[in-house]
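**Student:** Just passing along the structure, written as structure tokens.
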Amino acid sequence: MAAPIAVAIDAPDIQTAARWAAAVAPHVSTLKVGLELYLRYGPEVVAAVQGDRGTELFLDLKLHDIPATVAGAARSVARLKPRYLTVHASGGADMIRAAAEAAPDTRIAAVTVLTSLDEAALAAVGVRGPASDAVRRLAVLAVGAGARALVCSPHEAAALRAEVGPEVTLITPGVRPAGADRGDQARVATPQEALAAGADLLVIGRPITRAPDPGAAAAEIGAALRGSGAAPA
Ligand SMILES: O=c1ccn([C@@H]2O[C@H](COP(=O)(O)O)[C@@H](O)[C@H]2O)c(=O)[nH]1
């Protein structure tokens, strides 16, 4: 069974993206296309990454604009049939609702608080208190407005699961195998910790794509999850 991992295909060009996608697709459930590739190539890169690999598409465009503009953007990409499309929860309830209505076959995934932000960085943009408070507040707002998935760090997954129930997909970036470089991520945990906290889908990019053999790295993380009992065998 493919591991519940969305590999962040944050590649500099379409050839590298297709190569990484082919290597990791046999081992994971989902491939994530984000701003770096989509802004350069548009839908063409989705076809190159997805092919007919049998993986789900996660379009991580983090939309954030007035409701009418976000609705139009969501309609524009709905034909690519993404399983998930991200919007920033801080865009507000009307914006999230507009996205959900414009792409009814896609799970709108609301990004709560970016996993690169710690408490000091949040304070600098005027958000006081622990990240978990802001995450909870934004998550409740987003689900109330029609988001069917939430993006949070593994640190907040258990509390959000208790808050929003089993139907909402919890997606966690900020995942690092033990000993891996955390890079620009601030709120991190291991794959096993993230699943144990209640995450449904782990977003992992550089620890896989920057490995000498991305396919082997993805397979190894998937096997470790199954071995620990965190993911189904
Ligand atoms: O809060 C968020 C939301 C999205 N991301 C995205 O996930 C990947 C993480 O990649 P790594 O290389 O594993 O750090 C990346 O595409 C981000 O845009 C996030 O990190 N945090």
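Easy rule for this one: first residue shown is 1, then count along the chain.
Note: Cβ is positioned from N, Cα and C throughout, glycine not excepted.
Heads up, TrEMBL stuff is auto-annotated, nobody curated it.
Per TrEMBL, the features are:
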DOMAIN    4-221  domain 'Orotidine 5'-phosphate decarboxylase'
BINDING   Asp10, Lys32, 60-69, Thr115, Arg176, Gln185, 205-206  substrate binding site
ACT_SITE  Asp60  active site, for OMPdecase activity
ACT_SITE  Lys62  active site, for OMPdecase activity
ACT_SITE  Lys62  active site, proton donor
ACT_SITE  Asp65  active site, for OMPdecase activity
**Student:** Report the member of Asp10, Asp60, Asp65 (the recorded positions) whose C-beta atom has the most other C-beta atoms within 10 angstroms.
**Tutor:** Asp60
**Student:** Filter the candidate list Asp10, Leu61, His64, Asp65, Thr115, Gly205 of recorded positions, keeping only entries whose CB is under 6 Å from an atom of ligand 1.
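**Tutor:** Near the molecule: Asp10, Thr115, Gly205.
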**Student:** State which of the following recorded positions has the fewest other Cβ atoms within 10 Å around its Cβ: Lys62, Thr115.
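**Tutor:** Across Lys62, Thr115, these recorded positions, the one with fewest Cβ atoms within 10 Å is Lys62.
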**Student:** Within its own chain, what residues at least 6 apart in sequence put their Cβ under 8 Å from the Cβ of Pro67 (substrate binding site), listed in sequence order?
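**Tutor:** When sequence neighbours closer than 6 are ignored, Pro67 (substrate binding site) has Asp94, Met95, Arg97, Ala98 within Cβ distance under 8 Å.
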**Student:** Taking the Cα atoms as reference points, how far is Lys62 (active site, for OMPdecase activity) from Thr115 (substrate binding site) in Å?
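**Tutor:** One finds 13 Å between the Cα atoms of these residues.
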**Student:** Using DSSP and three states only, what is His64 (substrate binding site)?
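**Tutor:** Coil, per DSSP.
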**Student:** If I take the alpha carbons of Asp10 (substrate binding site) and Asp65 (active site, for OMPdecase activity), what is the distance between them in whole Å?
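**Tutor:** Cα-Cα, rounded: 23 Å.
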**Student:** Of all the binding-site residues given, His64, Gly205, which residue's CB has the most CB neighbours within 10 A?
**Tutor:** Gly205
**Student:** Measuring Cα to Cα, how many Å separate Gly205 (substrate binding site) from Asp60 (active site, for OMPdecase activity)?
**Tutor:** 13
**Student:** If I take every residue in the domain 'Orotidine 5'-phosphate decarboxylase' (4-221) and average their pLDDT values, what number comes out?
**Tutor:** 98
